[in-house]
Amino acid sequence: MEVVIVPDATAGGELIAEAIASLLSRKPDALLGVATGSTPLPIYRALAAKVASGAVDASRARICQLDEYVGLPAGHPESYRSVVLREVVEPLGLSEASFMGPDGSAEDVQAACEAYDRALAEAGGVDLQLLGIGTDGHIGFNEPCSSLASRTRIKTLTEQTRVDNARFFGDDIDQVPHHVITQGIGTILDARHPILLATGEGKAEAVAQTVEGPVASIVPASALQLHPHATVVVDEAAASKLKLADYFRATYAAKPGWQGL
Ligand SMILES: N[C@@H]1[C@@H](O)[C@H](O)[C@@H](COP(=O)(O)O)O[C@@H]1O
């Protein structure tokens with residue numbers, strides 16, 4: 001696992017947008033897995049700016065969702081489908097046809113989950129999967145004690161995650177669904193390059209456990225230690241509980257430029 005410490009969220013967004021740009025120059029129709037939440041927004045802004053300036057051609061990029069709420073009415077502004085269309089697909093100038101996600105309003109949720117895992121595989125697999133992290137260490141919506149081998153499936157949110165996400169629902173926790181569909185941890189680990197971005201003091205403990213703690217389902221993000229090419233990008237505040245911070249800084253400073261992320 002590579003850990004890169006950046007000064008702030010903007011720098012993290014720029015660094016990861018640069019990695020996406022590099023991928024798209026090698027593979028114009030790359031499948032990009034995108035995450036929701038506040039953390040990845042600087043990535044999407046930086047990438048959209050590169051597209052607008054003509055520095056990046058994203059016209060053949062394909063976008064896929066990490067997770068989704070179950071039971072929100074179609075078109076609800078906080079469904080992750082709506083969020084990804086608004087924050088990623090439209091700013092990049094892509095159409096809905098280049099976008100796929102699990103169907104959170106399906107009557108048969110289990111079938112929708114299986115269909116999504118199949119669709120990801122049939123699309124050739126995810127090339128680069130962006131991830132945020134929950135304060136409880138979740139990735140996607142894989143809450144603590146999710147199986148490290150899990151595939152896309154329905155999960156129940158913890159109270160903590162519903163409290164954290166209530167800000168998107170007018171601070172009314174009763175509006176936050178209890179159930180979600182999420183790519184499983186095994187599904188996420190199938191991506192060729194998972195990149196997790198974490199910013200702010202509130203993520204410092206989860207980051208320390210993810211990077212320096214044991215691989216354990218109680219901290220779902222720690223499963224990234226099992227991936228041969230996982231990158232964790234953190235700002236100074238999110239890095240504040242890392243024991244090996246100086247080592248990570250020195251390693252990145254000495255990294256050959258040709259390696260990229
Ligand atoms: N399902 C999403 C995760 O993918 C995201 O990483 C997390 C953190 O969000 P934020 O970046 O806003 O802290 O929120 C939600 O639970």
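For all residues, glycine too, the Cβ spot is worked out from N, Cα and C.
Annotations in TrEMBL come from automatic prediction, not curation.
Per TrEMBL, these features apply:
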ACT_SITE  Asp67  active site, proton acceptor
ACT_SITE  Asp136  active site, for ring-opening step
ACT_SITE  His138  active site, proton acceptor
ACT_SITE  Glu143  active site, for ring-opening step
DOMAIN    11-226  domain 'Glucosamine/galactosamine-6-phosphate isomerase'
SITE      Ser146  site 'Part of the allosteric site'
SITE      Arg153  site 'Part of the allosteric site'
SITE      Lys155  site 'Part of the allosteric site'
SITE      Thr156  site 'Part of the allosteric site'
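A map of TrEMBL features onto the structure.
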{"residue": "Asp67", "record": "active site, proton acceptor", "Cβ within 10 Å": "22"}
{"residue": "Asp136", "record": "active site, for ring-opening step", "Cβ within 10 Å": "19"}
{"residue": "His138", "record": "active site, proton acceptor", "Cβ within 10 Å": "27"}
{"residue": "Glu143", "record": "active site, for ring-opening step", "Cβ within 10 Å": "21"}
{"residue": "Ser146", "record": "site 'Part of the allosteric site'", "Cβ within 10 Å": "22"}
{"residue": "Arg153", "record": "site 'Part of the allosteric site'", "Cβ within 10 Å": "21"}
{"residue": "Lys155", "record": "site 'Part of the allosteric site'", "Cβ within 10 Å": "21"}
{"residue": "Thr156", "record": "site 'Part of the allosteric site'", "Cβ within 10 Å": "13"}
Comparing the Cα of Arg153 (site 'Part of the allosteric site') with the Cα atoms of the active-site residues Asp67, Asp136, Glu143, the shortest distance belongs to Asp67
Taking every residue in the domain 'Glucosamine/galactosamine-6-phosphate isomerase' (11-226), the average pLDDT works out to 97
By Cα geometry, the one of the recorded positions (Asp67, Glu143, Ser146, Lys155, Thr156) nearest Asp136 (active site, for ring-opening step) is Glu143
Once DSSP output is merged into helix, strand and coil, Asp136 (active site, for ring-opening step) belongs to coil
DSSP output for Ser146 (site 'Part of the allosteric site') maps to coil
Running the recorded positions Asp67, Lys155, Thr156 through a 10 angstrom C-alpha radius around Glu143 (active site, for ring-opening step) leaves Lys155, Thr156
DSSP, reduced to three states, assigns Lys155 (site 'Part of the allosteric site') to strand
Students should find that the Cα atoms of Ser146 (site 'Part of the allosteric site') and Thr156 (site 'Part of the allosteric site') sit apart, in Å rounded to an integer, by 11
As a whole number of Å, the Cα atom of His138 (active site, proton acceptor) is distant from the Cα atom of Thr156 (site 'Part of the allosteric site') by 12
